[in-house]
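If you check TrEMBL, you get these features:
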- 43-158: domain 'Thioredoxin' (DOMAIN)
- 204-228: transmembrane segment (TRANSMEM)
- 238-329: region 'Disordered' (REGION)
- 248-259: compositional bias 'Basic and acidic residues' (COMPBIAS)
- 274-305: compositional bias 'Acidic residues' (COMPBIAS)
Amino acid sequence: MAAAGANGAVSLNRDGRKKRATAATLLLLLLYLCGATWASSSLSPEDQAASLSLSPVLELRGSNWSLLLQGHWMVEFYAPWCPACQQMESAWEAFARNGKDLELNVGKVDVTQEPGVSGRFFVTTLPTIYHAKDGIFRRYRGSRSLEDLEGYILEKKWEAVEPVAGWKSPSSILMHGMAGLFYLSGWIRQIHNYLTDTLGLHIWVSYAVFILGTLLVGLILGLILVLLSDCIFPSKSKTEDPDLMVPNEDKIEEQREPLQRAAGETVTEKELPEGDNEEGGEEESQENSSDDSAVEGSQSEDELEHQESDKVEQSSVRQRKNQVEAAEL
């Protein structure tokens, strides 16, 4: 029994040692990977260019395209499916191998993988070649043979070519926006391929998804625009409009006074005798005739409105007189 226990303890110790050794190995490997990642990320653009110079043709991407802003470069924009790009591939590789003698960096950009970089240069035809010297870009429009490419550099023919305008430079604000549009188009194309190829949806279903997405984005942008316009240009409040303000008690009292006076006058008119009423009626008829003549002479709207109101009051008084006479009879 003691021997069996000793053997078990020895086996447990061995297993523990193996586990510790395995854990130590994994820890060292993890530290090595972290150190390599940190070292590669801390390289300056010049060190990155030196590390990339190990290959004859430098693959430029959205993360390192800014290398073109320093030094002497020739860069080609191509696509794997382009026949003309395939024909000049060997000449471009030989041109890159001679780059050290020409003191030139040779690069290329796959437009199918890097739509944002191609958008910065507004590439619309393939293959497209650009010459870059310290951030100044020129479009190469010569032959694609090795001799012509080398002669373009050795004879400095690029000096006679007009540089790209500043607003069309890849580092300009406009080209930043163009790069975003090209990147968005590539992203939409990838989604379309995923819906049709991977998920097997019909092409019209993919179009319907994009239409609904476009409408949704438009509604959201419109809502944001309305909110911003309300914040910047707020509408006039109803409480600030003097015509819509709630009248106070003083104004209410002022409006009640003429009504009370009019009510008092009607009461006194009812108490007058018939003779006075008849005399008042004759006087009122005379006033009506004079008022009618005044209406014919005047053309102002204010006087017409005043006369109409007088006529209404006179008719109401006459009705009251008739009622009083009928009551006395």
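Including glycine, each Cβ sits where the backbone N, Cα and C put it.
Keep in mind that TrEMBL annotations are predicted by a computer and have not been checked by a curator.
For the domain 'Thioredoxin' (43-158), DSSP puts the residue distribution at 48 helix, 26 strand, 42 coil.
If you take every residue in the domain 'Thioredoxin' (43-158) and average the pLDDT, you get 86.
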